[in-house]
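Everything on this sheet refers to the single structure shown next.
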Amino acid sequence: MRRDAAVEVSRLIAEDSASLQLETLSDWGGLDRLLTRPRIQKPGLALSGFVKHVYGDRLQVLGLTEVDYLLSIGEAEARAGLESYCKRKLAAMALTRGLEPPPPLMELARAHGIPVLRTPLMTSSFISRVTRRLEELLSPRANIHGVLVDVLGVGLLLIGRSGVGKSEAALDLVLRGHRLVADDVVEVTIRPPDTIWGAATQLHQHHMEIRGMGILNITHLFGVAAVRDNKKIEVVVELSDLHEDDYDRLGTENNNWPILGVDIPLVRIPLRAGRNISSLIEVVARNQILKFRGIDSAREFQEKIATHIAMTTGTATATDAPEEGSPKQVSGQITGLISLGEVE
């Protein structure tokens, strides 16, 4: 796991020009200054000289209230308050609503080498966008060997040993109309509140390696609708050679796979000759959509079996269902309820 300890102001401007719409008003440099916290700060009382709780490693955002205040108190008083404020080694200032900076602000920003930025966005909108982006840039991240696909709107991370067929399964899913996010190397990050997002590295983006064919550009082959830049990871699908007793027969076990400390639901698919893996993966996505809606087919079936046992034996109740994580017990009970004649 790693994280970017800090983000240069220049990176915030360059990478998010469309979203944040930031322009640089200052011409004295300082764009290499570092932002180390995702939360922004509005100066408030700091403009009057109370700077005890001003944190220079946060982006300072000045809106209509701050600018009107500086214009209303006169240049001398504004300069006195700004002098104490600018001495806090501020990383950068950003004015919203396309406001013009008061002359004292530009003078003191120049004197202290503080870059001054501006955006036409409303203050609330800008704060929301820049906070979200800084959270992404400063959040913990890691690289995972696997393939990330968007199947019916569900983010599925395919994992398994090298050569098990992850990329081939993903290619088949793309042919079915689903979307590739990342192949081979998935860069994962955590976003509040405890959600995991995955994306391709800049080098691998929208490309896929298929053994025997080499590197394929999925965008060129199938169009822009076949790819997406990032996706929330909602299910981990493990493709592996499993023994009979190593996987859940009924789907009642709650298996998880931790990513950056967050548990993601895990589904194990054993590989056998002739199995249509892409179809099974698609069903995993459909089943997860049902679970999002509160429908758990395996749990409903287990409750139905427990009710049937209670009715036929008269000694059990519907609440005597086997505990979670005991599929063998339920399988044995199901087998006992089916006669040989019914099987034939």
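From the backbone N, Cα and C atoms, a Cβ is placed for every residue, glycine too.
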| TrEMBL lists region 'Important for the catalytic mechanism of dephosphorylation' for one of the ranges 48-53, 138-143, 270-275; which is that range? | 270-275
| query | the domain 'HPr kinase/phosphorylase C-terminal' (138-304): mean pLDDT? | reply | 90
| task | Would you mind checking how many other C-beta atoms are within 10 angstroms of the C-beta on ARG161 (ATP binding site)? | result | 12
| message | Sequence gap of 6 or more, Cβ distance under 8 Å: name the residues on the same chain that satisfy this around SER167 (ATP binding site), in order along the sequence. | response | VAL147, ASP183, ASP184, MET208, GLU209, ILE210, ARG211
| note | Fewest C-beta neighbours within 10 angstroms among the recorded positions ASP184, GLU209 belongs to GLU209
| query | For the region 'Important for the catalytic mechanism of dephosphorylation' (270-275), what does DSSP give as the number of helix, strand and coil residues? | reply | 0 helix, 1 strand, 5 coil
| said: Using a Cβ cut-off under 8 Å and a sequence separation of 6 or more, which residues in the same chain sit near HIS145 (active site)? | reply: ILE159, SER162, ASP184, VAL185, VAL186
| message | According to DSSP, collapsed to three classes, what secondary structure does VAL164 (ATP binding site) have? | response | coil
